[in-house]
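Notes follow once the structure below has been shown.
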Amino acid sequence: MRKIIHCDCDCFYAAVEMRDNPALKDIPIAIGGSVEQRGVVATCNYPARTFGIHSAMPMAQALKRCPHLTLIRGDMPKYKAVARQVFAIYREVTELIEPLSLDEAFLDVSDVSLLQGSATRMAQMIRERVSREVGITVSAGVAPNKFLAKIASDWNKPDGLCVITPDEVEHFVQALPVKKIHGVGPRTAEKMAGLDIHTCADLRTRSLTELVEHFGRFGKRLHELSFGHDDRPVKTHRERKSVSTEQTYAKDLPSLEACRKELPILLEDLERRYARLDPPPAVRGLMVKVKFNDFTQTTVEHADPAPNLDQFETLLNVGWARGERPVRLLGVGYRLAEAAPVEQLSLF
């Protein structure tokens with residue numbers, strides 16, 4: 001039986017800013033791009049969240065919800081330095097660490113003898129050390145697998161610890177709302193509600209065939225998770241599945257032709273990002289992302305190992321046709337055929 005800890009720094013960027021400037025602690029703040037450049041919220045603190053502000057929200061919309069919101073552009077080198085401190089503490093517990101982002105990671109402590117092998121005590125020690133030595137808080141979840149550990153870390157946020165022991169898995173999972181399952185967004189949750197599926201216990205009443213019929217390949221995953229099953233190991237190197245770049249424009253692109261003119265600039269940046277991968281993986285497909293001025297978005301993909309401008313233009317034509325309105329954001333990317341280490345690992 002595995003012992004997995006999922007650690008998640010609470011509102012990480014905002015927490016670092018509040019640590020460095022305590023006057024920010026009790027006022028709503030958001031980290032992200034400027035309103036003038038049509039930036040979005042990268043993260044916000046909990047006072048800001050009481051106004052309904054959340055990550056990926058346009059900054060202009062956040063200011064409408066909270067006119068006295070304090071905006072901070074952010075300092076990525078500082079955040080990376082703090083992340084290195086946090087991960088150094090993780091590594092004193094185990095080398096089996098799977099970074100998910102600067103502020104989030106899985107730790108496999110199954111074979112760690114520290115603290116009599118108690119994953120709960122290890123998680124608590126990590127939280128105490130990060131608070132004392134780094135000056136921010138970490139929420140942690142302890143469980144027999146990654147699926148449950150990640151859910152547990154969110155259970156008592158912020159600055160919380162939740163432990164799901166092997167004996168508690170069955171009871172916990174049966175009562176778990178399906179909206180807590182990673183990958184179940186608002187649309188999928190709405191579809192499930194229409195099928196009278198609200199908890200994992202409800203999922204269990206549906207056959208694997210029925211779930212696949214309604215939810216495609218994700219149906220098989222839902223079937224497994226409804227029983228609390230997740231055999232994924234903690235991977236110290238995660239597979240990179242794609243490389244991409246995108247641009248939010250200060251003024252909407254009014255036409256398809258205006259969008260086409262931006263493609264060469266985006267593709268040049270994409271090529272730079274791709275060239276930095278070592279070694280560059282094989283390309284197996286292309287994708288174009290279009291976000292319209294009403295914030296609806298679409299992604300068009302095509303399997304092709306030999307990308308060129310004409311192919312990206314074809315995908316853009318398809319994406320534009322799905323909305324045919326001014327565009328606020330364009331993105332382009334490659335789907336990759338081979339595994340490669342996540343670039344982020346080099347930070348640590």
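Glycine is no exception: its Cβ is also placed from the backbone N, Cα and C atoms.
Nobody curates TrEMBL annotations by hand; they come from automatic prediction.
Feature list (source: TrEMBL):
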ACT_SITE  Glu104  active site
BINDING   Asp8, Asp103  Mg(2+) binding site
DOMAIN    4-185  domain 'UmuC'
SITE      Tyr13  site 'Substrate discrimination'
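Shown here: features listed in TrEMBL, placed on the structure.
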| residue | record | Cβ within 10 Å |
| --- | --- | --- |
| Asp8 | Mg(2+) binding site | 22 |
| Tyr13 | site 'Substrate discrimination' | 26 |
| Asp103 | Mg(2+) binding site | 22 |
| Glu104 | active site | 18 |
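Classification of Tyr13 (site 'Substrate discrimination') by DSSP places it within a helix.
Here the C-alpha separation of Asp8 (Mg(2+) binding site) and the residue listed as 'active site' works out to 4 Å. A straight line from the CA of Asp103 (Mg(2+) binding site) to the CA of Tyr13 (site 'Substrate discrimination') spans 9 Å. Here Tyr13 (site 'Substrate discrimination') is positioned 12 angstrom away from Glu104 (active site), judged by their C-alpha atoms. Mean pLDDT across the domain 'UmuC' (4-185) comes to 94 in this model.
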